Amino acid sequence: MTIFEKIVAGEIPCNKVLENDKFLAFHDINPKAPIHILIIPKKHFENIQEMDPNLMGEMLLFIQQVARLMGVDKSGYRLVTNCGENGGQEVMHLHFHLLGGAKLGWSDAVTNPQSTF
Ligand code: 5GP
C-alpha cells in the first residue's frame with residue numbers, strides 16, 4: 001500500500017484541505033511553494049497513465065474547488081503530475097501538485113534545470 005492510500009484509509013494523518021467521497025486534498029509535507037497542496041483520488045490509480053478518463057472531469061471540478069479555497073484561483077497556480085520514473089514520481093498513487101502563492105519560475109518544476117536534452 002502506498003503512503004497516500006494509507007492517508008485515505010486514515011492510517012496516517014494529513015493536514016486536510018478538502019475531501020469528498022471520491023477525492024482528498026491535503027498539504028504536502030515538504031512544500032516547494034508557499035502553497036503546495038496534493039490532490040488525490042481515493043480509488044487507487046498508479047499514475048495519470050492509469051487514471052480513469054471518466055473520473056477526470058469530476059477530479060477537475062474538485063481541483064478547481066481546492067484552488068478557490070486556497071485563494072489562488074485568480075492569482076494563478078501550477079498543476080503538476082509526475083508520471084513514472086522519468087517523470088520523477090516517488091509515490092505510486094496518482095496525485096496532482098497544486099503550487100501557488102508566489103510567481104513560479106519554470107526551473108521550480110524540474111529536478112535538474114541545468115540538464116541538456
Ligand atoms: P511525487 O514526487 O511522487 O510527485 O511527489 C510526492 C510528494 O509527496 C512529495 O512532494 C512529498 O513531499 C510528498 N509526501 C511524501 N510523503 C508524504 C506524507 O506522508 N504526507 C504528505 N502530506 N506528503 C508527503
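Each residue, glycine too, has its Cβ placed from N, Cα and C.
Quantities reported herein were computed from a predicted structural model and do not represent experimental measurements.
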In TrEMBL, which of 53-57, 93-97, 103-107 is tagged motif 'Histidine triad motif'?
93-97
Would you count the other C-beta atoms found within 10 angstroms of the C-beta of His95 (active site, tele-AMP-histidine intermediate) for me?
26
Simplified DSSP label at His95 (active site, tele-AMP-histidine intermediate) comes out coil
